[in-house]
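Database features (Swiss-Prot):
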- 16-145: domain 'VHS' (DOMAIN)
- 139-165: region 'Disordered' (REGION)
- 162-181: domain 'UIM' (DOMAIN)
- 177-214: region 'Disordered' (REGION)
- 196-214: compositional bias 'Low complexity' (COMPBIAS)
- 216-275: domain 'SH3' (DOMAIN)
- 369-618: region 'Disordered' (REGION)
- 495-509: compositional bias 'Low complexity' (COMPBIAS)
- 549-563: compositional bias 'Pro residues' (COMPBIAS)
- 570-581: compositional bias 'Pro residues' (COMPBIAS)
- 582-593: compositional bias 'Low complexity' (COMPBIAS)
- 596-606: compositional bias 'Pro residues' (COMPBIAS)
- 608-618: compositional bias 'Gly residues' (COMPBIAS)
Amino acid sequence: MFRAQSNIFDDVVVKATDENLTSENWEYILDVCDKVGSSDTGAKDAVAAMIKRLAHRNANVQLYTLELANALSQNCGIQMHKELASRSFTDAMLRLANDRNTHQAVKAKILERMGEWSEMFSRDPDLGIMEGAYMKLKTQNPNLRAPSKPQKTQISDSDRQKEEEELQMALAMSIKESKGATPSAAKANAPQESNAGSSSQAAPAPQPVQPGTTAATVSRVRALFDFQPSEPGELQFKKGDIIAVLESVYKDWWKGSLRGNTGIFPLNYVEKLQDPTREELEKEAQTEAEVFAQIRNVEKLLALLSTNTQAGGGDGRDNEEITELYHSTLAIRPKLIELIGKYSQKKDDFTQLNEKFIKARRDYESLLEASMSQPPQPSYGSRPPYGYNAPPPSNYTGYPPSSPPPQQYGYGAGAPPQGSAPQYPPVGANPAFFMVPPAGEQRPQQQTPQPGPPSDPYSLPQGRVPIGGRPQSYAPQELATAHYDSPVDNRHSFAGPSQPQGAPSAPQGYEYPPSQAPPGYPPQQGAPLQGPPPGQQNPYEQISSPPTHQQPPSDPYSQPPPQVGHGYPPQQPAHAPPAPPGASSSPAPAQGYLPYRPPGQAPSAPPVGGGGDEGFYR
């Protein structure tokens with residue numbers, strides 16, 4: 001009969017602020033707005049329903065109610081503004097903000113919404129109650145409103161120097177304290193620490209880090225407000241988080257690490273934490289020891305309760321032992337919860353550190369494998385190619401020359417210089433083979449070496465064939481061999497025209513040195529034999545490279561093997577070619593093998609010391 005009249009907005013407001021919602025449901029919120037506009041008392045009834053929801057102990061319900069009130073203020077006109085600025089609604093929000101059991105996020109949201117409404121209602125003097133309530137809330141709770149972020153200005157050189165000086169001073173003080181600390185001093189300071197601990201409960205609220213403080217003397221800070229990053233590289237944290245300080249980045253921004261994440265944060269959002277002293281560390285160790293000491297009592301209590309239950313005993317409160325064990329173990333529960341939170345945070349930090357280390361190791365191994373799979377790049381230049389009959393490049397580095405380059409001749413190259421007497425064949429221990437040019441060819445001229453750049457001690461001499469390359473001359477080449485395996489050219493193995501006894505046996509300028517005479521024979525006496533006049537053609541051509549085999553001196557008793565009748569037929573006719581004009585027409589005496597001489601060339605006599613008819617056999 002005297003029951004209060006029900007509010008028609010209770011159901012729709014409860015539906016829009018349900019604690020099971022995962023986010024604001026704007027469909028339900030707009031339904032409340034439409035219903036408020038359809039009734040004359042809708043604004044008053046809706047605010048009354050929201051005051052009831054603000055008294056709910058669930059933080060989500062309180063946050064959804066504040067969001068609903070903000071939507072009504074923007075969509076329901078001046079009548080809703082008057083109800084929101086009423087004494088009843090503002091007092092309800094102040095009670096909620098000053099309640100110590102209220103969640104910090106709810107308090108911050110109340111301060112935020114009251115600030116927005118104060119600005120919105122500032123043009124109407126009848127709505128000044130909201131502004132007064134907002135100023136009162138700011139005065140009573142200065143830490144509710146997050147400050148504005150400072151500007152990111154670069155640290156000057158003087159600030160860097162100051163930070164370094166503070167770091168050196170802190171290190172010196174730490175070393176001094178570690179050396180001067182003694183167990184007796186620790187015991188003497190114990191009562192003072194206990195007194196300080198008792199008086200610390202009445203300490204004032206923590207203050208943010210003062211501007212200008214350097215990161216050299218600060219290792220940890222505690223967050224005073226929630227911080228949401230607005231730019232890349234900023235560190236997100238919640239109020240109460242402990243952040244490890246790494247370094248100073250900007251003047252009022254430090255770099256820190258929290259739960260494996262690294263970023264910068266503003267100094268006015270955190271407070272400085274002192275490093276734990278030795279007494280604090282000992283106290284933490286003592287607390288852990290007390291908790292672990294109760295493990296045996298907890299296990300004993302479980303065993304007694306299990307036995308009592310299986311035996312069908314009466315009320316457990318009658319058992320004094322069970323009651324005593326229960327109360328003794330119940331005292332460690334707050335300490336146990338604190339240790340669980342402490343080591344859970346450490347476990348998360350170590351887990352994230354391990355994940356970072358694993359990632360770094362994988363990146364390093366992949367980088368190492370990639371570098372090993374690529375072939376090493378040569379640090380020197382490759383040998384430039386060059387063509388035939390061309391000298392090597394001047395910048396090419398080869399082996400030092402061991403001897404001057406040999407003279408090279410080719411067909412059609414002209415006669416050698418007049419200042420040098422040609423040698424047929426070259427003077428040496430191992431005369432090389434000689435090739436007879438075709439009839440009518442000009443005598444090849446000697447190619448004089450062209451002056452080039454200064455000799456390089458590692459350059460390849462001209463005229464030598466580089467290893468793995470081809471000769472630079474088109475002249476045919478053969479290797480000198482011993483007399484027992486020298487090939488015999490059957491095409492030129494017929495007897496030449498008759499020769500007088502005094503005809504020379506070697507070309508112009510050929511002299512058998514005394515040191516090269518065959519063993520058992522005296523050295524040659526007299527002047528060297530003279531060759532044909534300079535105008536006469538030379539049938540010999542010097543090869544471009546010296547012989548590579550050592551040839552023993554020719555043996556005058558070495559003769560070609562006799563021609564066997566059953567051998568291959570000769571490839572050339574056995575008759576002598578027609579004698580050239582001016583040559584003797586007498587028949588050739590019977591003799592051994594003689595080299596072929598072209599027409600117009602004076603026949604050669606047996607070499608000096610050659611032993612008669614045997615001659616020099618190749």
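The backbone N, Cα and C atoms fix where each Cβ goes, and this holds for glycine too.
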Confidence summary (mean pLDDT) of the domain 'VHS' (16-145): 88
Residues in the domain 'VHS' (16-145) grouped by DSSP into helix, strand and remaining coil: 96 helix, 0 strand, 34 coil
Residues in the domain 'SH3' (216-275) grouped by DSSP into helix, strand and remaining coil: 3 helix, 32 strand, 25 coil
